[in-house]
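K.L.:
Structure below; questions to follow.
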Amino acid sequence: MMFLVVRPCGSSSARIHHHHPTPPRSSRNVVVRCSVSSSVQEKEEKGTELDCSVSFPPIRAAKRVVLVRHGQSTWNAEGRIQGSSNFSVLTKKGESQAETSRQMLIDDHFDACFASPLARSKRTAEIIWGPHHEPIIPDYDFREIDLYSFQGLLKHEGKERFGSAFRQWQVDAANFNIDGHYPVRELWDRARSCWTKILAHDSRSVLVVAHNAVNQALVATAIGLGPEYFRTLLQSNCGVSVLDFIPRSEGGSPHICLNRLNQTPGSPIAGGKSGGREPSKRIILICNGSTQGNTEI
C-alpha cells in the first residue's frame, strides 16, 4: 500500500491518502486531514475513530527541527532487535553514512543538537555535529523504543520464543503487549514529551539525532497520527526528516509543516528495508506550488 501526503507549501495542513496500486480486496477508505493544530479532523473508516490530538506549547519565533536516525549499527547488521539496549555501536558503514548526512546538512545552521545517549546515536551525532562549539544535549527520552524481553534477540529467535506476541508486534504494533507494557503507545507518549522540550528550547534550528522508531513517533505526533501508523514512516539509517513550526499571531499551538520525510542521498521513492523490515506501506511527500517566499522561514 502507498500513502500520498499532499502538502501545499505555505500551508500547514496535510492530507494523507491511502492509495492501492491494485484494486483493494475490501472497501476500506481512509482520508486523514491534519490541521494546523496538529489534530486529526477527519478519519473515514468503518466503525473506528482516531483520537490523537496534540496541543503543542506556543512559540515566539519560527523553529526548524531536523530529525536524523543513527547510522548502521552492529546489531542492525546482525538483524538483532536493539530496542533501547546499549550494546551495539556504529559499523564502518554506519560512520560513513553519518559523514554523508553531515555533508547533506553542511549548509544548514543549527543552534542546538539533542541526541539519544545510546552509543550508536551518540556517535552519529558527534560526526554530524562536528566542529560546533555548543555541546550536544543528551536526553534519555530520545532513546529507541523499549522492547523489554525482545531486546537482544535475533528476529527468528523472537518468532520462536514469543510466537503470537511476536506476530502481533509485526502486524498490530499499536496493540502489541509484552511484559505488561504497550511499547508503541508508551513511545507515542514519550515523543509528545520530547516535543515539549524541543519547542521550549531557546533556538531557531534544532538537530535531533535518535532512532528509527522514536523519529517515526516524533513525525507522527507532530502531524497528528496515532500509534496505528507505526512503521508507515520508517526512517532509514541516517535518513533526514524536517519539520517547520511557525508561531500563530494569536498564540496557541503553532502551525506545523512536514517539509522532508526520510531524505537520503538515494532516490526519494526507492524501496528498501529498515532494520531488516520491509515497510508494509510507503509514504511519498508531495510539495505543491513552492515559491521562495513560502519555503523559507
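Glycine is treated like the rest: Cβ placed from N, Cα and C.
Note: TrEMBL annotation is automatic and uncurated.
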K.L.:
In TrEMBL, R69, H70, G71, Q72, S73, T74, W75, N76, K155 are given as binding substrate, so which of R120, R190, R192 is in that site too?
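P.N.:
TrEMBL names R120 for this substrate site.
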K.L.:
Within 10 Å of the Cβ of H70 (active site, tele-phosphohistidine intermediate), how many other Cβ atoms are there?
P.N.:
35
